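> Grabbed the feature section from TrEMBL, which reads as follows:
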type	residues	note
TRANSMEM	52-82	transmembrane segment
DOMAIN	56-489	domain 'Major facilitator superfamily (MFS) profile'
TRANSMEM	94-111	transmembrane segment
TRANSMEM	123-141	transmembrane segment
TRANSMEM	147-168	transmembrane segment
TRANSMEM	180-197	transmembrane segment
TRANSMEM	209-232	transmembrane segment
TRANSMEM	338-360	transmembrane segment
TRANSMEM	367-385	transmembrane segment
TRANSMEM	397-423	transmembrane segment
TRANSMEM	435-455	transmembrane segment
TRANSMEM	461-482	transmembrane segment
Amino acid sequence: MGLVGVPENGNGETGISLALGSKNKYRRMDSELTEDDDDYLREKRKSTTRKYVLACAVFASLNNVLLGYDVGVMSGAVIFIQEDLKITDVQVEVLIGILSIISLLGSLAGGKTSDVLGRKWTMALAALVFQIGAAVMTIAPSFEILMIGRILAGVGIGLGVMIAPVYIAEISPTIARGSLTSFPEIFINVGILLGYVSNYAFSGLSVHISWRVMLAVGILPSVIVGFALFIIPESPRWLVMQNRVEEARLVLLKTNEDEKEVEERLKEILVAAGMSNGEKYDEKPVWRELLSPSPPLLRMLVTGFGIQCFQQITGIDATVYYSPEIFKQAGIENNSKLLAATVAVGITKTVFILFAIFLIDKLGRKPLLYVSTIGMTVCLFSLALGQTLLGKGELNIALTILSVCGNVAFFSVGLGPVCWVLTSEIFPLRLRAQAAALGAVGNRVCSGLVAMSFLSVSHKITVGGTFFIFSFISAFAVLFVYKFVPETKGKSLEQIELLFKNELDWQESEIELGDAEQLVDKQ
């Protein structure tokens, strides 16, 4: 890139070069910098870039703490809400499940909103709407007011859940995209754990106050999001779509270690956005493409929508929301012990998500999905057997805790984070936000259906029978991964589109792309 008019310092380096820590190919003859200095500057830029991208991923994921916290805290808070407001089991199911159903409205709106306002300000809107909803729930004097707050919180969560992985995928360098895009799921787990801890910490307060304090604590992460907006940049791919190419280049310079890679990525984004020499060509509206998809886009939609649905219909929300009820069926009666057992579930879920961070860009997405879905199938089946064949007692308690913790552990290793990574990677740039929003809608609908029906279904066919169904669905998820999910590790977002151009012969297309990448790297 030309740096005409940029002043040099005394060593012949431009201010921009030093700020970025990049290697300066052209030096003045009197330059005193040695090759060791160049290496130092390169390493300094790498370190600065990695820290900056990491900070962006962390701040973008904070909204997901809200979803996790809600899932965790409601599992315990509902015990006190039911006692304080005198609500029925059906009202409990509606209260818990309505957030997932309503959040689909936020996710649906999020696709279009993020294309208009940008990824960054959509995250801000999500935090604001959730804050209002959480405040209403905290002061709610009745079930009806509590539901109004719950609906607002659901819209905010829906916005945040769909936009965070899209934003992170669009700012991340290819080599670390999988790990960074799994951050939203990590923060969901952190939120769940915080919710469980909050339940345990405030359970000693009066019935009228305890659940209100539990819900009020959830406002804090969304406040931090407001401060984060002053640090994180807008998505470079969204900037290109707005014809703000130079701004996009500056963001890419901050988030990529190599200037050559910046120009290559910018060219790919320009092509993907349908731009040539800074001018867009006209295409049919996004909604029309999604309603009448081409064969490659149809395959993308099946993969993205399918993996989002399987993430929820395998019963993870039933395991997490209703873990106190499951443990009670096994024989744990004391409320404090029930909440302590749920803390163990939260710790397990959070710890095992760390394995996904380190492995997703090394082993790949598909191997982790295989390990996850197979492991979940085994744990769900053992939980069903224990609840069906063993009565209340120490043996069933031990098996239930082991099975529940095993299920959330395998979920966190693969299906939990990889689901969001895939749906943020596989869609073309023009369609990415709104297509990812459709996937999030499927996720939220399935989550709501599970959360709102678990108690009723388990009363009809027992808890064991319900988990037999979940184990069967989980086994089917293994087949879905084999048939419909490609490996996207190590490919740019623009290269991933090519995987869907061919029929579902993933292996052949991945080898071809891998060979092409090696040729490029050797140049």
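Just so you know, glycine gets a Cβ as well, placed from its N, Cα and C.
Note that TrEMBL annotation is computational and uncurated.
Can you walk me through where each of these features ends up in the structure?
Long-range contacts of the transmembrane segment (52-82) within the same chain: residues 92, 95-96, 99, 103, 123, 126-127, 130, 146, 153, 156-157, 159-161, 163-164, 167-168, 171-173, 176, 180-181, 183-196, 198-200, 203, 207, 210-211, 214-215, 217-218, 221-222, 224-225, 228, 231-233, 254-255, 317, 320-324, 335, 339, 342, 346, each at least 6 residues beyond the stretch ends and with a Cβ under 8 Å from a Cβ of the stretch.
For the transmembrane segment (180-197), same-chain residues at least 6 beyond its ends with a Cβ under 8 Å from one of its own Cβ atoms are 53-54, 57-58, 60-62, 64-76, 161, 164-165, 168-169, 172, 214, 217-218, 221, 320, 339, 342-343, 345-347, 349-350, 353-354, 356-357, 360, 412, 416-421, 424-425.
Outside the transmembrane segment (338-360) by six or more residues, the chain places 72, 75-76, 178-179, 182-183, 185-186, 189-190, 192-193, 195-197, 199-200, 203, 319-320, 323-324, 327-328, 332, 368, 401, 404-405, 408-414, 416-418, 421, 489 with a CB less than 8 A from a CB of the stretch.
Long-range contacts of the transmembrane segment (367-385) within the same chain, counting only residues at least 6 positions beyond its ends with a Cβ under 8 Å from a Cβ of the stretch, are 310, 314-315, 326, 356, 359-360, 399-400, 402-404, 406-407, 409-411, 413-416, 418, 464-468, 470-471, 474-475, 477-478, 481-482, 485.
Through the fold, the transmembrane segment (397-423) approaches residues 165, 169, 177-178, 181-182, 184-186, 188-189, 303-304, 307-308, 310-311, 314, 316, 319-320, 323, 326-327, 329-332, 341, 344-345, 348-353, 355-357, 359-360, 365, 368-376, 378-380, 382-383, 386-387, 390, 435-436, 439-440, 443, 477, 485, 488 of its own chain, all at least 6 residues removed from its boundaries and within a Cβ separation under 8 Å.
Panel annotation: around the transmembrane segment (435-455), residues 89, 92-94, 96-101, 103-104, 107-108, 110-112, 158, 161-162, 165-166, 290, 300-301, 304-305, 307-309, 311-313, 315, 317-318, 321-322, 325, 419, 423-424, 427, 466 of the same chain, lying at least six beyond its termini, place a Cβ under 8 Å from a Cβ of the stretch.
Sequence-distant contacts of the transmembrane segment (461-482) (same chain, six or more residues past either end, CB-CB distance under 8 Å): 306-307, 310, 313-315, 318, 325-326, 329, 366, 369-370, 373-374, 376-377, 380-381, 383-389, 415, 454.
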> So which of 94-111, 147-168, 209-232 has the most C-beta pairs under 8 Å when paired with the transmembrane segment (123-141)?
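The stretch I would name here is 147-168.
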